[in-house]
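Engineer: Pasting a structure here, questions to come.
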Amino acid sequence: MCPLLSPASPSGKWLGFVTAIWVQAVCGNNYTFSNYSDALKSIMALTQLELNTLSVAKDVGKAFGLLSGIASDRWSTSVILLIGSFEGLIGYGVQWLVVSQRIHPLPYWQMCIFLCLGGNSTTWMNTAVLVTCIRNFPNNRGPVSGILKGYVGLSTAIFTDICTALFNSNPSAFLLILAIVPAIICLAAIPFLRETTSAAGPIEEKEETRFFNIFNAIAIIAAAYLLAFDITGNHGHVVSLVFVAGLLFLLATPLFVPLYSVLLKLKSNWDIEQQIKEPLLAGPEDSPAKPQEPEPATIVSVEVDNAGIKQQPMIGEDHTIIEMIRTYDFWILFLSFLCGVGTGMCVMNNLGQMGLALGYVDVSIFVSLTSIWGFFGRIISGLVSEQLLWKFGTPRPLWNAASQVLMTLGYVIMALALPGSLYIGSILVGICYGVRLTITVAVASELFGLKYYGVLYNILILNLPLGSFLFSGLLAGYLYDAQAASSPAGGGNTCVGPHCYFLVFLIMALACVIGFGLDVLLAIRTKKVYSKIYTDRKFSPASTVA
């Protein structure tokens, strides 16, 4: 490997970040269940409750993400990626065999296992990418989580639109893509994505900020490109092929950042070689100063502190897992996260049936809208929250509170079932779900530190299977089947009409109101932490560099 692109070099670190983007762009497969759920329901003759239980099994895979969090502190990023790619290949590969009818439908419990395996694969990919990149760029946690989580949001639209363009939304082809493509990307990222040193000084920090702005711009262009394809209706074969080629080019565009970094390094090396007039010997006044030895009193003080009993760390310092779960702030963050992502998972898992209940034949547009607008929620919240924190010390949890308000509005609109309400609701839920994922990732690292961040992240992600079970498996499943049983229009296991999910939407809106209160409480409790972060950054050397 070229020394300028080795993982330890600045350019190599940026190349690793680009491969992290690619991994995130293909590991949002957990949010694509609606694209093939109707095929599973038909082939396996499932009720809605049984189908929702399958979706819960998929999300339960994330509960085992604790294993990837623990492993991230012991194993290399390469091993974590390898495990994730293998699990995804097996989990989605078996689902493809069933949906394509190459094998007979497996027993229900076996399908639950393979969906769980596919769901768990994303936790290994996400953990490898997020832990590595946040440790590599600790001074830009908001942009890092926003960009990476943004591409996770886009991944659903990327898979959906490519499958629509090339395979006419065929669920069998869709599952084959989910099985093969993430495995290939993870294997390609293994040589480049490594943990390395963070920015060494104010100049490197400014360069990081500039490069992250470029990544944000590229991501926004890609999202706009996907959105344009979705809202322009049906396309011919030639236009679809051109669209796919353009999308692949946009996904490759981030490579220009590490290449530009290499050119800067080559230019810097050339300039140094030209400086041949430098004195070879330093004068006495240029000799490095002898390091000042610490005063005896200082040494005694340190020894006394080290000999003392370990105290519970303050919020904002590194916490062990036990220390973290002893704090009120963790449980406030955990429960508010449940209210937001749990209800969001319910919508994503049931978009297929929600669309059919309201008379839509093709629901892929709603899956893509949720994905693309979820991207905008991720990217904008990560970027703007970082700027407001730098300039005014604004607590990040306030962004979660604002997202709960919009999400409540989205559920009320969908409950009314007015013309176009599912379009508006999908957009609002997508935005707010994206905000919650991005902001919570950054908040957790700021409140409880980076030392055990891999495990911490996966404890919070337990909300995805928990929320999916509560809101999708129990709430939506039972209420939908109850409506289907009493609906003469649908009959059997199908419900048709706005009443099918009316009560579900109202209950989820109430959950978001509770989440709003918790987020405001957390913002008040952590105000001092964010004031300290603001003060430290304001008077740091990087902030004074012109």
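Note that Cβ sites are derived from N, Cα and C of the backbone, with glycine treated the same way.
Feature table excerpt (TrEMBL):
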type: DOMAIN; residues: 13-259; note: domain 'Nodulin-like'
type: DOMAIN; residues: 317-531; note: domain 'NFD4 C-terminal'
type: TRANSMEM; residues: 75-96; note: transmembrane segment
type: TRANSMEM; residues: 108-134; note: transmembrane segment
type: TRANSMEM; residues: 146-167; note: transmembrane segment
type: TRANSMEM; residues: 173-193; note: transmembrane segment
type: TRANSMEM; residues: 214-232; note: transmembrane segment
type: TRANSMEM; residues: 238-260; note: transmembrane segment
type: TRANSMEM; residues: 330-351; note: transmembrane segment
type: TRANSMEM; residues: 357-376; note: transmembrane segment
type: TRANSMEM; residues: 397-417; note: transmembrane segment
type: TRANSMEM; residues: 423-443; note: transmembrane segment
type: TRANSMEM; residues: 455-480; note: transmembrane segment
type: TRANSMEM; residues: 500-524; note: transmembrane segment
Engineer: Do the transmembrane segment (423-443) and the transmembrane segment (146-167) share at least 3 Cβ pairs closer than 8 Å, excluding pairs fewer than 6 residues apart in sequence?
Structural biologist: yes
Engineer: At a C-beta cut-off of under 8 Å, are there same-chain residues at least 6 beyond the transmembrane segment (357-376) that contact it? List them, or none.
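Structural biologist: Answer is 28, 31-32, 34-35, 150-151, 153-157, 160-161, 164, 169, 219-220, 223, 226-227, 230, 347-348, 351, 417, 422-423, 426-431, 433-434, 495-498, 500-501.
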Engineer: Using a cut-off of under 8 Å between C-beta atoms, tell me which stretch among 108-134, 173-193, 397-417, 455-480 contacts the transmembrane segment (330-351) the most.
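Structural biologist: Ranked by Cβ pairs under 8 Å, first place goes to 455-480.
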Engineer: Roughly where does the domain 'NFD4 C-terminal' (317-531) sit in mean pLDDT, to the nearest integer?
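Structural biologist: For the domain 'NFD4 C-terminal' (317-531), the model's average pLDDT rounds to 87.
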Engineer: Which listed stretch (108-134, 173-193, 214-232, 397-417) has the most C-beta pairs under 8 A with the transmembrane segment (146-167)?
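Structural biologist: Highest pair count goes to 214-232.
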Engineer: Which sequence positions outside the transmembrane segment (455-480), separated from its termini by at least 6 residues, show Cβ-Cβ distances below 8 Å to it?
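Structural biologist: Same-chain contacts beyond the ends: 30, 48-49, 51-53, 55-56, 58-63, 65-66, 68-70, 72-73, 119, 123, 126-127, 130-131, 319, 321, 324-325, 333-334, 337-338, 341-346, 349-350, 353, 440-441, 444-445, 448, 495, 500-501, 503-504, 507-508, 511.
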